[in-house]
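The block underneath contains the structure these notes are about, expressed in structure tokens.
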Protein chains: 2
Amino acid sequence: MVSTASPALDTLAARAASLDAADPLAAVRERFLLPEGVVYLDGNSLGALPAAVPPAMADAVHRQWGTDLIRSWNDNSWWDAPLRVGDAVGRLIGAAPGQTLAGDSTSVQLFNALSAAVRLRPGRPLLLTDPGHFPTDQYIADSVARLFGLEVRRMPPAGLPRFLAEEGERVAVAGYSPVDYRTGELHDMAATTRAVQRAGGLMLWDLCHAAGALPVGLDELGVDLAVGCGYKFLSGGPGAPAFLYVAERHQAAFDQPLTGWNGHVEPFGLSGDYAPAEGVGRGRIGTPPILSMLALEAALTAFDGVAMEQVRAKSLSLTGFFLDCADTLLDGLGFTAVTPRAPERRGSQVTLRHPDAYALVRALAARGVIGDMRAPDMLRFGVNALYITHRDVLSAIRQLAEVVMSAEHRDERFRHRTTVT
Amino acid sequence: MVSTASPALDTLAARAASLDAADPLAAVRERFLLPEGVVYLDGNSLGALPAAVPPAMADAVHRQWGTDLIRSWNDNSWWDAPLRVGDAVGRLIGAAPGQTLAGDSTSVQLFNALSAAVRLRPGRPLLLTDPGHFPTDQYIADSVARLFGLEVRRMPPAGLPRFLAEEGERVAVAGYSPVDYRTGELHDMAATTRAVQRAGGLMLWDLCHAAGALPVGLDELGVDLAVGCGYKFLSGGPGAPAFLYVAERHQAAFDQPLTGWNGHVEPFGLSGDYAPAEGVGRGRIGTPPILSMLALEAALTAFDGVAMEQVRAKSLSLTGFFLDCADTLLDGLGFTAVTPRAPERRGSQVTLRHPDAYALVRALAARGVIGDMRAPDMLRFGVNALYITHRDVLSAIRQLAEVVMSAEHRDERFRHRTTVT
């Protein structure tokens, strides 16, 4: 640990200034309305407000709903929004148009996608998932397995190759995340996709922690199915609609349980028998929450002219700089970095372990540095390369060091656990 | 048919003025932002914009999302919104607190509710539904039956008593709507609920066309399950979150397939095993679309201080007056009213049949009178008693008569069918 007023700090500050000055995405920060005095390192949980959203919402409410009323389904293209917004997400995840759909929550999309996968691979009794996967992915896999009389096997990514070699032909679908939501570890999407498909199973990626953060190249990798949320790195707003990707080759046989009328081939024919629409539009369910949908659509314009490779390069620069700052400023203060040091194994967040994680995250928040935590001892700091600077990162770590050194987090008001952090 | 400038018209105009002057809900109209020159008779499809929504949305976007960011899950009670908004809906459908939940779409809620019902009634192989039910209700019933290896029987309400007497003990759940979405006919909820339950089945009501339009008294009738949408008579905005009602006695055994992490007893414990929350909160699925949810919450304040009995009385006055106006002004013009004349058999809409329904609805819309149509020949006019006046009703019918008499609707621009009307 060094004093927070030291030559080492000066060196880091100079490096941050230099990296920020050379940042090709520096101007993109102006596309977000960030509150004064806040360092927001929780874009992996709820992305900041894009400047394009407030006028879009005002227009959606006043003109489209208030004035045009029901006519907006046609005149303001509400009906097409799930496919239009889906394609806008598709551009960020390497999906050619017509394969991505926006709507519902990740949990609902997972349910449809896993069920459809099981129907695409009849006779295969296993669903594979990661025991470290975000809980909803595990719960939904269990529920789908129960409905179809199948079995869920929880296999960490490291154990996949061996498992697939031994029991791969029994696997209907494998559902994994490229990025571990706790540690920020990035797994090898290409190798996993290949291994699952070589065994004859379908590969489903949950992109919640990847979409908008790094290139995932779904078409290029030949991924079968994917889902993800709209409110993390896509900055679509709280509970923004999720998305579903169905590779074109699977669409004609994609057979989902949530057969809502929006997915019907002729939704206004009002037939009592379900017949699915052509293409990924068959994944539609009920009437989508248009206000939240249009907020997501406006938010995605923050990516206009930005290549995911640029986002990735800056994200790695930020997380690498984060780890360097932590090495220098947090040394001896009880922290352990659990995010891998190798850039190719890092998502867009850095996770530190510390026994006082709860209190530290709360004390930092009181200073305007917003991260979050995951039980029992992980401090998570997500960097959204569209609006975070190296200076932000240094400020966060410097203040974290100050909090620990001054024992600020031991104050009574930071001891209570909150339901959501 | 009479001329639209006639003593009969004067009489109707005087009656409209008198009814509006005596309307105890007259001032409630000011709680809505209705566009100038529009008569909006499509509140049964998309309710008009409540005045409370724009400021609530601006606050949700700028302050809650933009400034408070992730902290809003606690500080602005986003986390509690589904239960809080659910209870606000509950007050309008006769549900004591703790039994109603807002979120997702009607289709998704139907799927969970029908599946949970099937699990509550094991060994019973039939799902009953109405062949005239809104398509999504039929599709979802078919899908649930397919997953559980059961059978759907489509039985019109009139045939229910006999069917239940003969095969009632085989029925797991019956899913019906109190109001026929095409004709506006109101069915007897009490008798149907009793008949289904006497046979040992569960009663599920789809309240899309009833919630906010008439009292439905779920607790009083002892209904088992209900769902409904937020965007029709509740005026919650396009694609507003739907709702789910689970009678308290069924909550402990309510076992839904969409086991998203928001419904977990300890959602931030992040366990890999699902354990449902206590109460109706177990019906939660994934992260809800907060912007759309808060719009619905603000919209529901339009009902503050308004009793559903008042809404019903005014609605019947409006639809009764509508039928009287139609009798007088549309006589001989080729229309047939299909909505029942008996008040106790009428929902909150009037449906007229006419061979030129499409063109007529479009020609009326060009004059600022907004209704909608359902194939092949039904003109639907929904009245929302919170903001529609008798004068509006008379204006709509008078203009409809003028359109037909002048053959205005035969203009080329009204001939194209639109995807949504």
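Every residue gets a Cβ built from N, Cα and C, even glycine.
Any TrEMBL annotation is an automated prediction that lacks curation.
Here TrEMBL has A:Thr106, A:Ser107, A:Phe134, A:Pro135, A:Thr136, A:Asp137, A:Asp206, A:His209, A:Tyr231, A:Trp261 binding pyridoxal 5'-phosphate, and the candidate from A:Thr67, A:Thr287, A:Thr301, A:Thr319 in that same listed site is A:Thr287. Between the CA atoms of A:Phe134 (pyridoxal 5'-phosphate binding site) and A:Lys232 (N6-(pyridoxal phosphate)lysine) there is a gap of 14 Å, rounded to the nearest whole number. Filtering of the recorded positions A:Thr106, A:Thr136, A:Asp206, A:Lys232 by Cβ separation from chain B (threshold: under 8 Å) yields A:Thr106, A:Thr136, ordered along the sequence. When Cβ atoms from all protein chains are considered, those within 10 Å of A:Thr136 (pyridoxal 5'-phosphate binding site) total 28, not counting its own.
Here A:Lys232 (N6-(pyridoxal phosphate)lysine) comes close to A:Gly43, A:Asn44, A:Ser45, A:Leu46, A:Gly47, A:Cys208, A:His209, A:Ala211, A:Gly212, A:Ala213, A:Gly382: these same-chain residues lie at least six apart in sequence, with C-beta atoms under 8 angstroms from its C-beta. Sorting the binding-site residues A:Phe134, A:Tyr231 by the number of other Cβ atoms within 10 Å puts A:Tyr231 first.
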